[in-house]
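Structure, as structure tokens:
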Amino acid sequence: MNIVCIGAGYVGSVTAAAFAVLGHTVTVIDLDPRKIEAIRAGTSPIYEPGLQELLHECAGTTLFASHDYDAVGRASVVFICVGTPSKADLTADLSYVKEAARTIGRHLNPDHYTVIVNKSTVPVGTADLVSSLIEETSGLTSGKDFDVVSNPEFLREGYAVEDVFYPDRIIIGTDSSRAKTVMRSLYGPVLNREGYEMLRGAVPAPGTRPPAVWFESGTKSAELIKYASNAFLAVKISYINEMARLCETLGADVTDVAKGMGLDSRIGHKFLEVSSGWSGSCFPKDTAELLATSRKYGCEQSITAAAVEANDRMLLYCVSKVQSRLKSLPGKTVGLLGLTFKPNTDDARQTQAQVMARQLESLGARVKVHDPQGMEMFRRLNPDLAVEYCESPEQVLAGADAAVLLTHWDCYLAMDWESARPAMKVPYLLDTRNVLDSRKMLQWGYVYEGLGK
Ligand code: UDX
């Protein structure tokens, strides 16, 4: 099939590479010349484990990149994978989606049927909006010349290559049986796991992932499935984080509590790992949009609202732990390890580190930071922060009065904590992910604290 992906971000570049590796002819369209050049050269425009290898496999043979929309006229399927950032009122900014829809409309080929797929996370009703914008600019008829399908993406950053070949579910929102047939044939190799069979080595092995479930619904339900899923996961994390604070007060251990809870198959173990809170490019913006929309329609989602509040409180709680340990913050140096919202990504948008660095600076502390992949983006997004960027975690610890481990990158787990300790002014370490060996840390002389212990 001829496929087009509009947008070469975290979703578009992975989706495009996956379908190109499966043998389709894919053109990625993006306005950013650096992304186009990177894809043409078979190099990854973002840091995502395994993506570079996929791009290298198919660039120039089945994968192409362009800044113009000419390939839309040849395509059977056009994916919209553009960003939907939050506006000032916290609703999703659909301007990139609308612009993509209008431009697709101007380039659609009236001689053949095309499926336009919304992969971006978009508010309920966007499939209808995209459909009418395409009708306006193309003069074509939805349901006859083209259909718009809602097919939300559930890729996790850091595991996107695994998730794209072995998703838990493929949600197809449309009433059109013609569009469903096209989508089924497109996703056939993913459902049948032919990617791995065809391309042993180039795609990850399925491991223990169960086969994907194909699920069809209307467009609005498909759109809401994405928001409802992300909000539910955010609730789960906020729940265990709040429980961690209760554990500290009562003298229980949140790791044991989470383990014991997770043994109930109705609850499960996943997303019960303690942290300073959830953050990143999806949960904050998606919960905000869900809340704004539900309020607009007079149907407030109080549980999601509580999860957001609990999440904000959790981060301030972590700051207060450092503050109470150091008595006062002015003149003190605090090191932050991890600027991305989780390991194995360079994504430093809306992270815990950003809020914490600001909070610490406003309380008078000097802040030193390190991240193996996220420093460039963090610096670009926070030009006003006076933090010191360090080349290594050891450099962060040197001379610090306290350090906070925010993101559990492998390099922090593997570093030589014993040798790093003497360089700290005060060896206080707050491990917000409970990933370091507390017994050893104490033995090496750290004033070590986890969360919920
Ligand atoms: C999420 C969804 O999982 C994915 O399906 C959706 O398409 C996009 O949003 P992602 O944002 O990549 O993916 O990250 P995810 O792995 O879900 O983690 C979100 C945040 O929650 C991170 O900050 C992570 O560190 C935190 N988290 C996750 C916890 O604090 N505890 C947990 O138990 C799990």
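Cβ from N, Cα, C; glycine included.
Curation plays no part in TrEMBL annotations; they are all automatic predictions.
Listed features, source TrEMBL:
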BINDING   Asp30, Lys35, Thr84, Thr121, Glu157, Lys285, Arg349  NAD(+) binding site
BINDING   Phe154, Leu155, Arg156, Glu157, Lys226, Phe271, Leu272, Glu273, Val274, Ser275, Lys342  substrate binding site
ACT_SITE  Cys282  active site, nucleophile
DOMAIN    335-438  domain 'UDP-glucose/GDP-mannose dehydrogenase C-terminal'
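Structural mapping of features recorded in TrEMBL.
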residue	record	Cβ contacts under 8 Å, 6 or more apart
Asp30	NAD(+) binding site	Ile6, Gly7, Ala8, Gly12, Ile36, Ala65, His67
Lys35	NAD(+) binding site	Ala8, Ser13, Val28, Pro45, Ala65
Thr121	NAD(+) binding site	Thr84, Ala92, Pro152, Glu153, Lys226, Tyr227, Asn230, Cys282, Lys285, Asp286
Phe154	substrate binding site	Asp163, Pro167, Asp168, Arg169, Lys226, Ser229
Glu157	NAD(+) binding site	Tyr10, Glu48, Gly280, Ser281, Lys342, Asn344, Thr345, Asp347
Leu272	substrate binding site	Lys236, Ile237, Ile240, Ala258, Met261, Gly262
Val274	substrate binding site	Ile240, Asn241, Ala244, Val254, Thr255, Ala258, Thr432, Arg433, Asn434, Gly450, Leu451, Gly452
Arg349	NAD(+) binding site	Gly280, Ser281, Phe341, Met377, Leu381
Taking every pair from Phe154, Leu155, Arg156, Glu157, Lys226, Phe271, Leu272, Glu273, Val274, Ser275, Lys342 (the record's substrate binders), the biggest C-alpha distance in Å rounds to 23
Identify which of the following binding-site residues, namely Asp30, Lys35, Thr121, Glu157, Lys285, Lys342, place a Cβ less than 6 Å away from any atom of ligand 1, and list them by sequence position.
-> Glu157, Lys342
On the DSSP side of things, how many residues of the domain 'UDP-glucose/GDP-mannose dehydrogenase C-terminal' (335-438) fall into helix, strand and coil, could you say?
-> 36 helix, 18 strand, 50 coil
Number of other Cβ atoms within 10 Å of the Cβ of Lys226 (substrate binding site) across all protein chains | 26
Excluding its own, the Cβ atoms lying within 10 Å of the Cβ of Thr84 (NAD(+) binding site) add up to 22
Arg156, Lys342 as binding-site residues, winner by CB count within 10 A = Lys342
NAD(+) site residues Asp30, Lys35, Thr84, Thr121, Glu157, Lys285, Arg349: biggest Cα-Cα distance, Å?
-> 24
